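Okay, so here's the structure we're looking at.
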Amino acid sequence: MNRDTSPDLHYLSGFGNEFASEALPGALPVGQNSPQKAPYGLYAELLSGTAFTMARSELRRTWLYRIRPSALHPRFERLARQPLGGPLGGINPNRLRWSPQPIPAEPTDFIEGWLPMAANAGAEKPAGVSIYIYRANRSMERVFFNADGELLLVPEQGRLRIATELGVMEVEPLEIAVIPRGMKFRVELLDGQARGYIAENHGAPLRLPDLGPIGSNGLANPRDFLTPVAHYEEAEGPVQLVQKFLGEHWACELQHSPLDVVAWHGSNVPYKYDLRRFNTIGTVSFDHPDPSIFTVLTSPTSVHGMANMDFVIFPPRWMVAENTFRPPWFHRNLMNEFMGLINGAYDAKAEGFLPGGASLHGVMSAHGPDAETCEKAIAADLAPHKIDNTMAFMFETSQVLRPSLQALECPQLQADYDSCWATLPSTFNPNRR
């Protein structure tokens with residue numbers, strides 16, 4: 001199938017907006033959504049990301065004006081190769097850490113290279129999250145959509161060109177991309193190979209966190225989120241359309257590109273965000289604030305203040321707290337923490353936590369800075385200090401994350417992770433305060 005040449009990429013700015021875009025002038029109907037005859041002979045189609053009757057502030061839906069309706073497809077057949085078919089592992093309360101996963105030697109496109117790491121709900125549930133590491137060394141020729149949830153992509157190696165139904169966006173390490181549930185897309189590799197992390201959100205769509213006493217500005221600012229403008233492919237010829245449904249890959253063959261949306265308007269859109277634009281908040285007096293101040297996006301639950309999933313980053317920042325143990329404190333958490341590292345080093349781990357690696361601390365798993373970090377922090381001169389050239393992140397969820405069997409059996413699982421705390425000394429002296 002012949003594709004259009006790469007367009008000059010343009011974006012719409014904002015988060016949660018009611019956007020509108022057209023690749024041909026006048027392709028958007030005026031004053032209504034579904035006219036008897038749409039402009040240019042297009043078909044009108046609605047893509048719903050939430051229930052019809054959600055509050056307007058939470059509603060996600062987009063009207064698409066396309067060359068052929070999505071209903072024009074044959075029967076889906078289950079693919080023989082099921083890369084995500086492995087079960088969750090047995091109950092395991094231990095702290096876990098993985099070295100970086102290698103890029104496969106055999107040709108592997110974006111959807112073939114997902115390694116399941118952990119999950120806390122089946123895809124049929126209206127809540128929860130599944131976490132993967134993706135690895136790829138060839139661009140996709142087929143098109144994919146995920147019926148199981150919204151996808152948050154966190155590249156660690158390699159730039160991605162993501163062609164979606166609504167337009168094209170390019171994402172590099174230190175940027176993220178979010179693709180709504182059910183939206184068709186294709187991932188092309190701009191650097192030959194790629195690796196990164198995926199959070200598959202089965203719950204409420206991601207949104208910006210409330211700022212509370214921080215005020216009307218700070219953290220991730222809405223204007224820095226970018227949604228691609230309309231771009232369509234008018235191509236004849238066979239293309240495989242793959243869907244992920246309840247964790248399995250099913251496919252059919254089309255005789256046209258399904259990325260044929262000429263115009264669209266709505267709020268259920270793909271977007272990208274540059275993590276370097278995050279307005280980091282921290283103390284200017286004493287103590288280390290809770291890591292919730294680093295939240296970029298959140299998927300809420302019905303319990304106010306408890307997240308189905310938070311996406312949290314630990315970016316470059318100044319440390320100026322006086323009379324304070326500056327690394328993240330020792331902690332036992334109600335929430336479950338899956339961490340990854342995009343570049344640099346994480347300030348709570350001197351060794352062993354590498355870019356492309358991961359860690360999992362389940363509910364009430366005791367964790368904190370390793371022995372080397374702790375020793376240095378207690379003895380440090382508390383002059384202002386900048387943590388630079390780093391970007392760690394966390395997928396945090398209120399439901400227990402169970403590691404996959406593949407993650408527990410892979411050679412990258414570090415058997416000696418607990419040893420990073422083993423040399424923490426007892427410095428208690430009841431005779432000296």
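Heads up, residue numbers simply count up from 1 along the chain you see.
Glycine is treated like the rest: Cβ placed from N, Cα and C.
According to Swiss-Prot:
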- His288: active site, proton acceptor (ACT_SITE)
- His331, Glu337, His367: Fe cation binding site (BINDING)
- Tyr346, His367: homogentisate binding site (BINDING)
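Feature annotations (Swiss-Prot) mapped to structure.
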{"residue": "His288", "record": "active site, proton acceptor", "DSSP class": "coil"}
{"residue": "His331", "record": "Fe cation binding site", "DSSP class": "strand"}
{"residue": "Glu337", "record": "Fe cation binding site", "DSSP class": "strand"}
{"residue": "Tyr346", "record": "homogentisate binding site", "DSSP class": "coil"}
{"residue": "His367", "record": "Fe cation binding site", "DSSP class": "strand"}
* Asked: What is the interatomic distance between the Cα atoms of His288 (active site, proton acceptor) and His331 (Fe cation binding site), given in whole Å?
  -> 12
* Structure fact -> Cα of Tyr346 (homogentisate binding site) to Cα of His367 (Fe cation binding site), in Å and rounded, measures 14
* Packing count at His288 (active site, proton acceptor) (other Cβ atoms within 10 Å of its Cβ) -> 16
* Structure fact -> Lowest 10 Å Cβ neighbour count of the binding-site residues His331, His367 is held by His331
* Asked: Just checking, which of Glu337, Tyr346 (binding-site residues) has the fewest C-beta atoms within 10 Å of its C-beta?
  -> Glu337
* To do: Determine which residues of the same chain, besides His331, Glu337, His367, have their CB within 8 A of the center of the CB atoms at the recorded Fe cation site, and list them by sequence.
  => Pro328, Arg332, Asn333, His361, Ser365, Ala366, Gly368
